Amino acid sequence: MGVWWIVVVAVLTHTASATVREYDWEVEYKFWQPDCIEGAVMTVNGQFPGPTIQAVAGDTIVVHLTNKLTTEGLVIHWHGIRQLGSPWADGAAGVTQCAINPGETFTYKFTVEKPGTHFYHGHYGMQRSAGLYGSLIVDVAKGQRERLRYDGEFNLLLSDWWHEPIPSQELGLSSKPMRWIGEAQSILINGRGQFNCSLAAQFSNTSLPMCTFKEGDQCAPQKLNVEPNKTYRIRLASTTALASLNLAVQGHKLVVVEADGNYVTPFTTDDIDIYSGESYSVLLTTDQDPSQNYYISVGVRGRKPNTTQALTILNYVTAPASKLPSSPPPVTPRWDDFERSKNFSKKIFSAMGSPSPPKKYRKRLILLNTQNLIDGYTKWAINNVSLVTPATPYLGSVKYNLKLGFNRKSPPRSYRMDYDIMNPPPFPNTTTGNGIYVFPFNVTVDVIIQNANVLKGVVSEIHPWHLHGHDFWVLGYGDGKFKPGIDEKTYNLKNPPLRNTAILYPYGWTALRFVTDNPGVWFFHCHIEPHLHMGMGVVFAEGLNRIGKIPDEALGCGLTKQFLMNRNRN
């Protein structure tokens, strides 16, 4: 263990300097073959995944985003970036801005305040599922010292992929009865996967043939070329629409050192669970036989795995690049071994020197996640309200005090505590709503997210919950129903991890704590695309009298459009 500590705490001074990094991006559909089957993919400047933004803490990012789609709006969310002083640039349609119409250009401008592994993705409809995503990497600022020592790094952006077009998927989810999208056809690593062949066919008991690729094939895996006896930082991020994933590198240990842009106490593991919306950094030391190559495997967890493992190769440069590993890929842990999943989450603690949470909360929400019906349509609801964002973005309504922009009555702050979370709801009907939770500025808020059974059968699903505009402390997890006054005694107030995405396990609860120190309006939602599409989210607002200037072009729709026109005339 001492050797790993040397790797983790040794320092390296970065030479990059803070600056303005400016980009011109065009988003449009192109035909692509992400998994060797052609389909329509959203691209940024003709690239899939989109270009990687590489920045330094303190940099200002400016993205001039042009919508070249012909029939749909567009926004991009900068996942993990707090947007201090720029809430209008968060990129959540209906919450912080209007959708960018076809042919229009919108400029995002924001500061990346601290180092970390992040990404960006579409946040209008289910455009993330259509391939609108890319990496956003922030290194330490000039004059600061990196806490990790490594000889090189790689980015692995993980996603799932369907052959059914996204508009068809959205229609099915909004139909009566619902037509479920089903499991993904493939898992992609940096936008590349294989649906109709396998990199490990010689070990497989399936009928898939061995993959053969031609120069320039869009589905050909990107191999990780490494030298022996070096340490590499592998930055992982999951933009999946549905799947929870597990990553392993054959024959190699992984040391987890970062989670959601925050350093964590290092720990060693054989594999890593990663849920939609999460990011990690792991250190890998190339200490195996340098004459061999090794599989990197990514498999499905949390859902019955009807999707084949994704594979690529860790290529020791001392071995031929074309040489396949001599033994089968790592086996993905059983999909429904939730105790194993929980044990992994419970190993994550903040690194020494990280900020500690306030000892007490001032406000608390207990949010029950349920599957419900509205006139026969299947929905997800929080405290029996299924969210529908209004035509006027919340940020504009609260900034300009537009009373009709949304329902000013707060949604329920808890649920009936006699609700039986272990069985289908006895009264399955719910209602839609667009109210928000408003908090005073700079107070401590606890959020308990509570899982329950779905509409039919004995099933409770995993939900990764993501909060915009904040990191929060994950104080703890529990099985069954949260018991106020009792379960608080189990909280970790010493070194809980700072995250922006937390996992809600089946039939359990997760406790989060954050401080309302970022004036704005912020989405808090399940990061599974179909679940959010079907209403699984809430909205927080804080420091409303402290919100600064908002560019008019962010709010040129709904009631704010007329308000701005009248103001500008006067």
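If you go along the chain as it appears here, the first residue is 1 and each next one adds 1.
Backbone N, Cα and C define each Cβ position, glycine as well.
According to TrEMBL, the signal peptide annotation covers 1-18.
What TrEMBL records for 27-139 (among others) is domain 'Plastocyanin-like'.
The feature domain 'Plastocyanin-like' is assigned by TrEMBL to 154-317 (among others).
Remark: secondary structure over the domain 'Plastocyanin-like' (432-542) totals 9 helix, 52 strand, 50 coil, with classes taken from DSSP. Residues annotated as domain 'Plastocyanin-like' in TrEMBL: 432-542 (among others).
DSSP places the residues of the domain 'Plastocyanin-like' (27-139) in helix, strand and coil in these numbers: 3 helix, 52 strand, 58 coil.
For the domain 'Plastocyanin-like' (154-317), the predicted model reports an average pLDDT of 96.
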